[in-house]
Amino acid sequence: MNPIINFILLSSMMAGTILTMTSHHWISAWLGLEMNTLAIIPIISKTHHPRATEASTKYFLIQAASSALMLLSGIINAHLHGTWDITHLSDTTSKIMFTTALATKLGLAPIHFWLPEVLQGVPLFTALIITNWQKIAPMALLITTWNLIPNSITLTTGLLSAIVGGLGGLNQTQLRKMMAYSSIAHLGWMIAIITITPSLTLFNLTLYITLTSSTMLIMHLTMSKTLQNATLISSHSSIITSLFLLSLLSLGGLPPLSGFSPKWLILQELVSHHLTPLALTMAVSALLSLMFYIRTTYISTMTLPPSTTPLKNTWRLKSQPNTLPLSMFTLASIFLLPITPMMTQ
């Protein structure tokens, strides 16, 4: 893609996210989401492959339908109560429609089926944008209206997403689909706690973006798209191999890595609000996610593909590109746990 066009699309995507995050009017929030969607569509379909075209079509249809549902909820609320302020959402039907629309945009269960299919049809860097940047604007709207969202919907959706994300990733051999189900599970944890402690949802979102970025940047650097490709990660660099292992285990929430802190804090909050059965079920679902993370780390760091010739050390044969962003995200995904109490005060 032309660099100028690429810059315009990325700038439009960022502008749409910022517009949605800073607006309290229904129309401007909806407009920011539409800018976000229209900017990412050419990025998804830029490879001119049938899978990319299919992914962009699915993404457009889902996002357009959810945007229409969100706009309809705003129109109903404005008609009944005479206000376009998004923080004055009073009608029960509008609340349910608004929450459903944003849950669809995020890819939460049970409206999650589009996310694994879209990620499977795009390059890894585009998948990184979809799983990270595209979650910011809808989540910002949910955090803004946290006291207006029906508690029963968020708890049910969060629990269902955590379970679906854990079960769905178990039988995946494609790393992009595995990361899609990982995203669904992590978003489920955020939604489950949003009406109880919205600041904890924001902390979880920040850490989720950090962990996912470090993992997918390593996949992009090593061109790993399947579990079979993951066996070759150790041939690139021993440091990259170690960082990939730690990033995946941190995503799984294994202590003492950074990914353990949001799960620990969320379980504490759920138990303190007398939601112990929900906390127990979500803890078990986290073990399902940890299972496929450990499987991936075992394949990528402790096994070698069968070969009759010595494996080439590719890190000796070519120079590596700039890995500064990868280094920053990886360090944060590993070493943030000791300062978690200070970050959540």
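Cβ atoms are placed via backbone N, Cα and C, with glycine included.
Looking at 60-84, 185-209, the range tied to transmembrane segment in TrEMBL is 60-84. As annotated in TrEMBL, transmembrane segment covers the listed stretch 148-167 rather than the other ranges in 28-47, 148-167.
Here TrEMBL gives transmembrane segment for one range in the set 101-122, 123-144, 233-254: that range is 233-254. For the transmembrane segment (60-84), the residues of the chain that approach it from at least six positions outside its boundaries are 25-27, 30, 33-34, 37, 41, 90-91, 93-95, 97-98, 100-102, 104-105, 114, judged by C-beta separation under 8 angstroms. Sequence-distant neighbours of the transmembrane segment (274-294) (same chain, 6+ residues past either end, Cβ-Cβ under 8 Å): 155, 158-159, 162-163, 165-167, 169-170, 172, 178, 182, 185, 188-189, 192, 248-249, 251-254, 263, 266-267. Confidence over the domain 'NADH dehydrogenase subunit 2 C-terminal' (290-343), given as mean pLDDT on the 0 to 100 scale, stands at 64.
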